[in-house]
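Quick one: the structure is below, and I'll ask about it shortly.
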């Protein structure tokens, strides 16, 4: 139990520390309502080249492809969507953890790490979904904020 609390505290602190990284964001960053950050807990570094898929639940209750991306050198993906397309609904972010660990020569337990969340049900918001990965576990957290003016 203490380990999980410490892990979540570490993930949250890494999320805020990583904002200090020398990432140059364009003026369009304020228009980025969904951002993803992925960290490698084993190496203590950003998880580079993690494939990420975003799905939106349809009225027929099926998951429809919404967006895709791959983490950059900072373990981040910006501009997965824009304000106009990112409406109210249920979304799933799927991290391809198997391919990430396999490329590093590690045989992981999980094929994917999924985060399912409801977006914009209380008004327009911006979401940062952060994932801390290891071969046999993962932890996620989210920062939900009002859009930047």
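Every residue gets a Cβ built from N, Cα and C, even glycine.
Sharing the features that Swiss-Prot gives for it:
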- 37, 76, 139: L-thyroxine binding site (BINDING)
- 32: sulfocysteine (MOD_RES)
- 64: 4-carboxyglutamate (MOD_RES)
- 1-20: signal peptide (SIGNAL)
Counting across all protein chains present, how many other Cβ atoms fall within 10 Å of the Cβ of the residue listed as '4-carboxyglutamate'?
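The answer is 10.
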Among the binding-site residues listed here, 37, 139, which has the most company in the form of other Cβ atoms within 10 Å of its Cβ?
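That would be 37, with the most Cβ atoms nearby.
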I need the CA-to-CA distance for residue 76 (L-thyroxine binding site) versus residue 32 (sulfocysteine), whole Å please.
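So the alpha carbons of residue 76 (L-thyroxine binding site) and residue 32 (sulfocysteine) sit roughly 12 Å from each other.
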In Å, how long is the longest CA to CA span across 37, 76, 139, which the record gives as the L-thyroxine binders?
16
Are there residues of the same chain, six or more positions away from residue 32 (sulfocysteine), whose CB falls under 8 angstroms from its CB, and which are they?
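Listed in sequence order, they are 78, 79, 80, 82, 126.
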Using DSSP and three states only, what is residue 32 (sulfocysteine)?
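Its secondary structure by DSSP: coil.
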About how far apart, in whole Å, are the alpha carbons (Cα) of residue 64 (4-carboxyglutamate) and residue 37 (L-thyroxine binding site)?
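About 22 Å separates the two Cα atoms.
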What is the Cβ neighbour count of residue 76 (L-thyroxine binding site) at a 10 Å cut-off, with all protein chains included?
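Here the count is 21.
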